[in-house]
Amino acid sequence: MPERLTEMLMDTWTPLIILWIIVLPSIYMAPMNQSQVLPSGSSTVLKRLTEEQRVLNRSKRGWVWNQMFVLEEFSGPEPILVGRLHTDLDPGSSKIKYILSGDGAGTIFVINDKTGDIHAMKRLDREEKAEYTLTAQAVDRDTNKPLEPPSEFIIKVQDINDNAPEFVDGPYHATVPEMSVVGTFVTKVTATDADDPVYGNSAKLVYSILEGQPYFSIEPHTAIIKTALPNMDREAKEEYFVVIQAKDMGGHMGGLSGTTTVTITLTDVNDNPPKFAQSLYHFSVMEDVALGEPIGRVKANDLDIGENAKSSYDIIEGDGMDIFEITTDAQTQDGIIRVRKPLDFETKKSYTLKVEAANVHIDPRFIGGGPFKDTATVKIVVEDADEPPVFSSPTYLLEVHENAAINSVIGQVTAHDPDVSSSPIRFSIDRHTDLERQFNINAEDGKITLATPLDRETNMWHNITIVATETRNHSQVSRVPVAIKVLDVNDNAPEFASEHEAFLCENGKPGQVIQIVSAVDKDDPKNGHYFLYSLLPEMVNNPNFTIKKNEDNTLSILAKHSGFSRQKQEVYLLPIIISDSGNPPMSSTSTLTIRVCGCSSDGIVQSCNVEAYVLPIGLSMGALIAILACIILLLVIVVLFVTLRRHKNEPLIIKDDEDVRENIIRYDDEGGGEEDTEAFDIATLQNPDGINGFLPRKDIKPDLQFIPRQGLAPVPNGVDVDEFINVRLHEADNDPTAPPYDSIQIYGYEGRGSAAGSLSSLESSASDSDQNFDYLSEWGPRFKRLGELYSVGESDKET
C-alpha cells in the first residue's frame, strides 16, 4: 500500500511542481514598470500603472493568474495548499484584502485574505465533481471598496486510480452452435471505469479470461469472446461457465480489476443420425382388426433435439407393403404401424417388413459424416378370429317382369364362412326394408321368390337387404343390399291424355280440323309408344266426322260437311278406338264430345247454348224469363199465406198426448234442491234482453201485436231472483201467443228442507189418469198458473 500511494503521489504532484516553478517567479520577479500579457498557456503578469498611464490608458487587472489543480482523495494533517493569488497593487502592506466566492468557497476552499493563499479543507472526489469555478477579488481592507474588478478562475480536481472497472450488464448469457470452428464469434462484454479516461491510465482497461480455457478466448482490448477449440459437441457437454476479468492501468501491476461471468450454451445442429433401439420387432394382430387401427410402434432415437431430431418412417421392403403403412407420431416421434387393407388368417398368417427412419432436416455440413437414417425389421403375425359370413358380391341387381307368378324365383344370393370351421349360413330378409312383404328368401340356399304381385307402374324399383347369419354363432352377421328392378309388360291400354271436348262452328267448312287429341300409355316399351286410332265399325261410315293419324302420334278430328245446326243437334259423341303396338296389343275406346256452337265470321266461338229462333207466341227470351219469374213469386206468396193460416188456426193448448213438446235437459249429476246453491248458476238468469222486462218469443210467429208491461228492472249486480221470476211469469200469463211449452229438469234429490218433495216425473205413476194435480194450488202463488194448466187438462180429458 505505501508503494502504491507513492506511485499515485508521483503521478499527481509532478505537474503541480512544474506549475509552481512557472508561476512563482512570475509573481515575485515581474518588474513594476512594465505591463504586458504573456503568451497563451503561460501566466499573465499585470502590474500597477503609473499615474500618467492611468490618466491616458484604461485600468487593467494586476492579478498574477493561472489554472489551479488539486489532488483528489488526498487527506493529511493540514489543509492542502491549492495556489496563491496576488496583485501588483499590493505594496506589501496589510491594506489589501482578498475575497473568494463561487463553488465551494468558504466550505471546500478557503483563502487567506492577507496572503491570497487558497487551501482545500476537505477530501475531494473527481467522480463527484471534476472542477470548481470560483471568483477572486481584491478590496480595500478599511473601506471594502474593490480595488480591481472580480475575476473567475478554475480549480480542477486531479484524478487518481480509485475506481475499479465494473460490468454493468453482467452476468452474460450467450449461445454458439456446436461443432463450430475455432474463432467463431460468441459474444462481446463491456466494462466501465469511473476514473478519468483522459488523464493517465486509470481508465485504460485490458480483458482476460480467468475461467473457461481452453474452450474460449477473449480479445484483450475489444472484449470479444470467441471459440478456442474445434468440434465442441453439445451431446458431450452443453453448457460452459466462463469468468472474464477487466483490469485498469493497462493491465499493469497496481491496477484495479472487476470480473463477470458468461454462461455459454452450445446450440444443437443435426450431427447425429437416428438409431433404432432394436433391430427386430415382433407384433401380432387379429385378422378382424379395423382398417386404420394401429398394431404397433417402433422408435428410432436421435441424440439431437428439436427439429434436428425429427424423423420420418417408411416401409421400404417386405411382403406386406400394400397391406400395412407407417406414420410418424408428431409428439413422441414414434413410428406407428397401421392396417391399410383387410387381413385374412386363412390366406396369409404372417408378414415381414423392413422399415426405415430418416432425419427430416439434414445439415449439408455434416452430410459426409454418414447417412442420417437407420433400418429395422418388423415381423407381424396374423391371429385367427371368428369372422362374419362373406357374400359373393358386395351388391346384387335382380330383374323380374311385373307379371311374374307368385312364388317364382327372382334370383339368388350366396355367402360363406371364411373361417376354417366353415359354419353353415342362414339367409333372411330385413323386413324394415320390405315392409309390404313382397319378397321371400329360402333360408338354406338364398333363393329370392315373389310373395305378392308386382306393378311396374306403381313401383319400378325395390331395394331390400339380405342378412346372412352363422348357425353356430348368431352374433356373426353380414348384410348385403339387393336392388330388384321390375320389368315392363304390356298390361295397360292407351287412353286419351285428357278429357277432350271439341267445339264445332255452325259455319264450319268441310275438312276442317275440329280437334287434335293425343293418347298416353302407362307402359314403357323399349322402342317408345306408337298408337293406332280407328272408329267403331258402326261409326266408320258416319256422315258427319272422320279421323286422320298425324306423324307425331296424335289424331286429328275432321268435319265431313258443313251446315251443322244447334237446333238440329247440339252435341255429337264420337267413339274412338286407341291401340298400342305391344305384344299382345292393348286397346281402349274413348269417346270424344263434339259440341255445336255459334261462331263469328273468323271462327271464334261465341255461344254453345240452344236458342229458339221462332217462338210460338212471338215473345222474346227476356220476356219469357220475366213471366217465369212472376209465376214463381206468386207461388211463394201462396205458400207463405197458407203457412200463416195454419199457424193461426192451431190451438193454444196442446191436448193430444202425442203432441206434447217438452225440452228435456238431462244431467248426470244430481241437484240439491232448494238447499243446493252451487248446482245452478244464477248468472244464467241475467239475460241482457230481459233487463227491461221484455223477452220476445222466438219459437213461434205471433199473429197479435203484444205490448208487455214494463216490469221492475233488477239491479245488474244484485239480482232479486224472486222478483225476476214473478216478472217472467206475469209476461207468460198475459202472452196469448205463448203455448205452455215446458222445460223439465230432472233431479234425483230435492233437498231435505223441500216441502214439495220430489218433482221427478220418473217417480210418478205409470198412467196420466192416476195423477192428481190439485195439490199444486196449495203450494202458493208461484205454482198457481201451473195448477190451472194441469187442471184444464184433466177437465178436458173427463169431457
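Keep in mind that glycine also has a Cβ here, set from the backbone N, Cα and C atoms.
TrEMBL annotations: computationally assigned, not manually curated.
Since we're looking at a predicted model, the values are computed, not measured.
Here TrEMBL flags 87-167 (among others) as domain 'Cadherin'.
Over the domain 'Cadherin' (168-276) the predicted model carries a mean pLDDT of 90. Summarising the annotation, TrEMBL assigns domain 'Cadherin' to 168-276 (among others).
The domain 'Cadherin' annotation in TrEMBL covers 277-391 (among others). The helix, strand and coil residue counts that DSSP assigns across the domain 'Cadherin' (277-391) are 10 helix, 57 strand, 48 coil.
The domain 'Cadherin' annotation in TrEMBL covers 392-496 (among others). For the domain 'Cadherin' (392-496), DSSP puts the residue distribution at 3 helix, 47 strand, 55 coil.
For 496-618 (among others), the entry in TrEMBL reads domain 'Cadherin'.
Positions annotated as transmembrane segment by TrEMBL: 12-30 (among others).
The feature transmembrane segment is assigned by TrEMBL to 613-642 (among others).
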DSSP-assigned states of the domain 'Cadherin' (168-276) in counts, ordered helix, strand, coil: 3 helix, 46 strand, 60 coil
